[in-house]
Amino acid sequence: MMKKRTRKVAELDDPLCCCEYVNRHGGRSHMAACCCDCEDLDEACDRWMKREPQNPDSLSRMAATVTDRLRVPWISGAKKVDLSLIPPLFLLPVFLHIAALHYLLGIVVLAALPVMVLWYYYFTHRKKGRTLFFLSLALFSLFYMYYVFLTEVVPRGDVTNLQLGVITLGVALTLAALLHTKKGPGYVKPSPADTHSTVTYHSLPPDVDPAYHNGSQHQVVIASRAGPGEQGAEPRAVAGDVTENDSSKRNWCSFCKLVRPPRAGHCRICCTCVLRLDHHCVWINSCVGQANHCSFLLTLLFFLVTSLYGISLVLRSVCPTQSLLTALLYCPDVYGQFSSALCFTCAWYSSIVTGGLLHLLVLQLINISYNVTEREARVALREKTGRSLIWGLIIDTGVYSRGFRANWSEFLTMAANVDPKALKPTDLV
Ligand SMILES: [Zn+2]
Ligand SMILES: [Zn+2]
């Protein structure tokens, strides 16, 4: 039986080399030792040799150890490779190549792909699990579409250098905006002065219904970050003011043990409170909040313009006899040649993605125009407190809206008001 040789990471002065990492038990391990020291494997072998029944947990513990040891060297210590990154890298090209073989296969695959992705989305969303699958799919789709454009469409000779330059610029701008979005949504930081201090609002916190208040100045006592003895403690309010008590209760996050500013929300996937939380976007694997909502919208816009332009160039090349609007639905002889069939299939795939994102963009533009976040719209629908127009497409809570122009100017400038301390750098993925 091999002895466990991991050293506890107490020596902070001794930084990790590029092949070392802190394992799931908090010990220090080396990538080269990936096949050593697995107590669970040793135990399973022992039991197997002694013909004893296996421990039901040992298989899942072994799987956890394997995923913990799957690493790539990195400057500040070996980085864990998330297995959910990998399926899109081979599934997408395989599915698109199958779809390009025959138009019937194309219909089946292109109808099944969104259904499978949506099913996986609801499956992971229900478990509130963090996965890199969607970010990997989004990024790889972008790169793969650009690759097919370069290797299959450009050699056909119908695309000018200027058009290729515009597509390349569009892809670069989308990635730059995405990187900016990934800098973080702006997190709620507990203030050191939170210890039962009294703060004075000179105007009503917007989460509080103004109908309950007559004065323009009132006080709320902010709760301390609960110490070990007062886990789950609720904030205390000024005696006699029931509504303020309700308001601070409503803004109290029992997970982060802090009182959130108005409009902030707790993301159960990121396990943190986010300033002016809009929603958690699985496609970027990050929350969209006060600091990155604007760049999120810009990422969507750059992608959609590039994608629509790319689709039009592809269809003009593979289906020159048809008008752009009909080419996607009827393009004779496109399946006669595999290369043109692949381009056509990719144009269809891009159209499905573009359609989905266009829907998201429209909802976002409406929400911003009414100064409502996705989270507030959901709460208003659930609690029936908002005004629902056009079959729920528009949810107007009426709490923050100050008119179309003021709402947009607030949206465009709100990122600048985020305290730099609230922007902790997030992982690139
Ligand atoms: Zn929280
Ligand atoms: Zn989140």
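Residue numbers in this text run from 1 along the chain shown.
Using N, Cα and C of the backbone, Cβ positions are placed for all residues, glycine too.
Taken from TrEMBL, the feature transmembrane segment covers 104-123 (among others). Counting residues 6+ beyond its ends, the transmembrane segment (104-123) has Cβ neighbours under 8 Å at 95-96, 98, 133-134, 137, 282, 341, 344-345, 348-349, 352, 356 in the same chain.
Summarising the annotation, TrEMBL assigns transmembrane segment to 132-150 (among others).
Annotated transmembrane segment per TrEMBL: 162-179 (among others), in sequence order.
Break the domain 'Palmitoyltransferase DHHC' (248-377) down by DSSP state and the numbers are 72 helix, 16 strand, 42 coil. Marked as domain 'Palmitoyltransferase DHHC' by TrEMBL: 248-377.
TrEMBL lists 296-318 (among others) with the feature transmembrane segment.
Using a Cβ-Cβ cut-off under 8 Å and counting only residues 6 or more beyond its ends in the same chain, the transmembrane segment (338-363) has close neighbours at 96-97, 99-101, 106, 110, 113-114, 141, 145, 148, 152-153, 297, 300-301, 303-304, 307-308, 310-311, 314-315, 317-319, 328, 331, 374, 393. The annotation transmembrane segment is assigned in TrEMBL to 338-363 (among others).
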**Asked** For the domain 'Palmitoyltransferase DHHC' (248-377), what is the mean per-residue pLDDT, to the nearest integer?
**Response** 90
